[in-house]
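Annotated NAD(+) binding site per Swiss-Prot: GLY207, SER208, ALA209, HIS210, ALA211, GLY212, in sequence order. If you look up Swiss-Prot, you'll see GLU230, CYS264 marked as active site.
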Amino acid sequence: MARAEIVSHEPATGAEVWRGKVGDVEEVVARARRAWPAWAAQPLATRIELVRRFANEVRKDADNLATMISRETGKPLWEARTEVDSVVNKVEISIRAYADRTSQRKLDSALQGTAALRHKPHGVLAVLGPYNFPAHLPNGHIVPALIAGNAVVFKPSEKTPATGEMLAQCFHRAGIPAAVVQVLIGGPEEGQALVAHDGIDGVLFTGSAHAGIAINRKLASNPGKIVALEMGGNNPIVVWDTPKIEDAATLIVQSAFTSAGQRCTAARRLIIKASMFDEVIDHVKRLADRIIVGAPFDDPAPFMGPVIDNRTADGLTESFVYLLSSGGRPIKHMVRLQEDRPFLSPAIIDVTAVADRPDVELFGPLLQVVRVDDFDEAIAEANNTRFGLSASLIGGDPQDYNRFWANIRAGVVNWNRPTNGASSAAPFGGVGLSGNHRPSAYYAADYCAYPVASTEVDQPRASIGVGLRSD
C-alpha cells in the first residue's frame, strides 16, 4: 500500500512548494534509539563543535532557507531573513545556557568525600514545530537537545515541511549523524503516534493550546516522559499616561500586526485609558491604514504577508463578524484583499460593549480594544484570560510599571516595548493555557537533561555508632 503524501503550498499564490511521503513513526523512532547511545557518549566538546558547524551551514545556505521560509509561510523576505539570523544566534546562546544551567558542579557536603551535581540526557526527544516560525522555534529545542546528548525526531508542521527538511539537512551537512536528527513528515495522526510512542522519552512542543492540552492529557499517565509545552496567548497591551502618542501607536501596530499577527506573543487586546482613546486610536488607525500587505517578494516590501491558508483567513473573518454581531464597534474592518488567497487587512474593533468577550487566541491581524477608567481596572482586564504568555505596558511611570509587573500573570512582561520580539537569551514561556512552567529559549537546557545528585568517596568507609550489641 502506497504511503500518503504531504503537500505544502505557497499561501501567497497557491502554488505547490513541496511534496513528500508521510514518514513511518516506528522506523524513525527505532533508528533514533539505535543512534542515541553513541551520540550521548560523544564528548560534550564534540557535540558543541558540531552544532557550531551547523550554524555555519545555515549561514552558507541563508538565502535559500529564507526564500523557502517565505514561500511556505507567506511572510515577507525581510522577516524570513531575520528568522534565519535567529537560527544561527541560537547556537551560541544554547551553548552558554547549557554551561550555566546544566554544567557539572561540586557541592558543599557535611559528609566525607564529594557531593556533585551532573546532568544526563533523556534519550530520544520528539520536537513538534509550528508553522509561523518553522525554522527558529523548533531549532530552539533541537540545538539544546543535541548539546545535552539526546537524539531528536523532529516533526515539522504539515504546512511547512520543506523548511523542516532544509533545517535537518544543515544538521547533517555539519556532521551530525542522520539518525540523530531525523525529520518525520506527517500530519496530526503521525504527531499523535510520535507523542505516545514508548520509544520517545520527551516531547518538546510549540503550537496551539488545543494541541498542547491534547498532548498533556495523552501523557498524563506517563510522568516519566518530559513534556515542555509552549502554547499561545491572548496577550494584552495596556496604554496609560504618556505624551508620546506616535511611539505608542507604533508599538501597538508592531505588537498586533507583525507576522500578520501570527506570533504567539502578538497583542490580541489593546486596553486603553478611556480619556486617551480617541487620540491613540486615531494614530493607530492611520498607521494601520498605511500597512502594505503583499506577497513575500513584492517590491516595495510588504509589512505583512498573508495568513497561512484560506481556512485560517475564513476563521478570522468569521471571528470579526461574530464580534460585530456581539456589540463590537468597528474601527478598521477586516477585508479579504484577494478572494481566493488568505491576504487580510489588519483589523481593529472596540469590544468594550461586548459582554462575553471570547477568551481565545485569534491567530491573525485582529486587535480588540477595551476602554477602562483606572489602572486597577486595566490590570484586571489584562488578567481576564486563561492564557498568560506576554503583556506590555506603554506609558506610565516606574511606580505604575512596578504595579503592572507585580500583578500581571504572564511569563513575559515588558515596559514601553512590544509584546513580541522576546530575547532568546532569556527564558521564554507562559502560564495558564500558555505553557506548563517549562520555559524555552535560555531555559531549554533545563528540560533537555535531568539532574543527577551524587555523593562520592574513592574507597568504602563506614561504621555504625549506636544500636549494636557488643561482640
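Cβ from N, Cα, C; glycine included.
The model shown is predicted, which means the values in this text are computed figures rather than measured ones.
Rounded to a whole number, the C-alpha distance linking GLU230 (active site) with ALA211 (NAD(+) binding site) is 11 angstrom. Sorting the binding-site residues HIS210, GLY212 by the number of other Cβ atoms within 10 Å puts GLY212 first.
The residues near the NAD(+) site, meaning same-chain residues not in GLY207, SER208, ALA209, HIS210, ALA211, GLY212 whose C-beta sits within 8 angstroms of the mean position of the site's C-beta atoms, are PHE205, ILE213, ALA214, MET231, GLY232, in sequence order. Counted within 10 Å of its Cβ, the other Cβ atoms near SER208 (NAD(+) binding site) come to 16, all protein chains included. Of the recorded residues, GLY207 (NAD(+) binding site) and CYS264 (active site) place their C-alpha atoms 8 Å from one another. Recorded residues HIS210 (NAD(+) binding site) and CYS264 (active site) have their alpha carbons 13 Å apart, per Cα-Cα distance. The secondary structure of GLY212 (NAD(+) binding site), as reduced to three states from DSSP, is helical. Following the DSSP three-state reduction, the secondary structure of GLU230 (active site) is strand.
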